[in-house]
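Read through the structure below, which is laid out as structure tokens, and then see the notes.
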């Protein structure tokens, strides 16, 4: 009997056909259903013999329950197309489905001829063998048969061609005859394993040929059996998957590379639907880092990306995406995202719509990344740029060679020079310095030595603005270093410190004058004792001499000289301010008239004098005799300067004394001081005399300094003027130049007759602290307009330090609470002032009541509490009362 094969191939929808083609393989596909529904009429299971059909399907069911994928059926009968009965040996491969059934692929062998003898008579009739060979030759896959000893029983042409031989060369041989011994051994071991386990094996095998070819095969080896169940050998189907494996590897590598790239992106790559909810179809791993949600949650709808967009930004995002999709262009957006933890992130997104074949937008693909740090850095950079651009000092940024990269507008505002005039650091200094390029030559070596050492170089030098105005400039140049300590850039600043230099010079002068005053006072005291003895004993000697004695004239000269020395001593005492004369309200105009009337016959003789007194009264609180002395001394100096002029014929010999009331609305810087806001009585003496050089102007108020001959000047006149004016709270200004005359102006605070009487030693000096500059400026002007001397600052630490160094300089402290300052901080600051000077009046202006805890306010040393906004009249009245010592500092705080 022979072994034959016939076609049994179909699917669920195609019934088994009677006109079976003879060139098809013995392979059939069908559907197994567990609910027992019968397949369509004529389908493969229906061709089973009725006695074998139930057993066949039961074998399928048991395999599914055991989770087996391969079923080797017992031999069964099948109805042939001609109505005859045949025996088949079938192996079914199962692919389970979700409903408990399976898709089945069955391979069947016709074993009808083997039912009588399992071994003998295995050869098929010639027609059957030819048909079988024709069938397997038509299959492109590699097919071969082996007996249990791994001897080839047959193969198709595809296998023979693959091996590079003919079918006849292969049949009857083993792998040892066809391939290298190592591969042959490997194949025979696999064959033995298949036959031993009686199961189908799927494997991938690498075959290397002598000609250098290397092929990867996917091989399925299955044992086949005789009617008695004995293993007759194995049949194998192999397929060259070299190209497929290569494509799989390339695809896997491409997917791995894409996954790695997407995973390394600092953000979320996505593919989503073009809907308002921003539904996602794909989200990269970066989505979890960005949103806090797992990518699967964003894809399956557990979390909505659209809901994570900040509510205030959703309309902006939606309209931006819609507009871009409608115009078929990319969109770029910046907005805020709230992640799973509630953290608000600034994100940047770029995306594009994806259209189908009909041009409809079906999806959106793009990328979203977190730019919070970039946003913060941009905001910081913007703030720093604004700070540099609007800095109150000039700022220059240069490269490491000193070439200008940036120069802020403040430079032009301070100096008047254009920014184009500063191409480098040297030009920066040359433009500022009064010495011009000579300053660069002087400072260049020291500056670059310091910068090269990584140190800051600084200096102060006299400067000149573009209009010729002189000022003092403080210049600092510092290197900018990178992380390795290398200098990458330079930054230079320039500030106008003229006011500070003037203040320092005033302090220096005041200290010198104070020291000389102490010395002069001591000398005057000793001289008074000596002069008292001289005058006394001279008087006694005159009384004891006869009237006609020649000695009497000598003693009279001694007495006259002693009286002259007494006058000098009186001037010394005036300069030293040892005398505290009673002050009274008086009109400075009247004092000026009296002084000129008294001096005109003697001191003012030979000079044309003009007296100008304004119509407005100029009341001052002063000692009239001291102001009289000031006017006389100034007038005498003016006359002396005119008479000493070396070219009297070229200029008129004229002098002017003027008195007027003056209102100062903004602080005014003078050559020797600062005139604060307020009302003043102004006394000016000007002449057309010889004038003074800057060197002489620096020393004209020094005691004993004079440019007059020894017998014509003592050097105490202007020193006494300075002492008197300073004691009256006034300011002196001097304007002069050689051969251009001199003008000396004295500014004394106007006296308010309606103000409460002041103690003689009370100067009403106020320290004002306010964190808001607008409020600080208003309160300062309000107090200064009432005659107070105000020191104002927005820096509480600076104010406290200034007060702690010299608390006696201030009579009252005013603290104004800013909008953002907590009450506890205000109480702490007040407590610090009280500790620095116990008993000093402290007024607090607060926007919320802080006196509900009387013990706390008293403990902080607060004298009074005023509500804000400040009411001018109550505020000024209270400050006046407290600065004059009423009420007592022990009075409990009170809220007005």
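Here the Cβ of each residue, glycine as well, is placed from N, Cα and C on the backbone.
Features of the protein shown, as given by TrEMBL:
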- 128-198: domain 'PAS' (DOMAIN)
- 201-253: domain 'PAC' (DOMAIN)
- 254-328: domain 'PAS' (DOMAIN)
- 331-383: domain 'PAC' (DOMAIN)
- 455-509: domain 'PAC' (DOMAIN)
- 522-752: domain 'Histidine kinase' (DOMAIN)
- 765-883: domain 'Response regulatory' (DOMAIN)
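When each of the listed stretches 201-253, 522-752, 765-883 is scored by C-beta pairs under 8 angstroms to the domain 'PAC' (455-509), 522-752 comes out highest. For the domain 'PAC' (455-509), the mean pLDDT of the prediction comes to 85. The domain 'Histidine kinase' (522-752) makes no contact with the domain 'PAC' (201-253): fewer than 3 of their CB pairs lie within 8 A, with pairs spaced 6 or more apart in sequence. Sorting each residue of the domain 'Response regulatory' (765-883) by its DSSP state yields 57 helix, 25 strand, 37 coil.
Across the domain 'PAC' (331-383), DSSP classifies residues as 12 helix, 30 strand, 11 coil.
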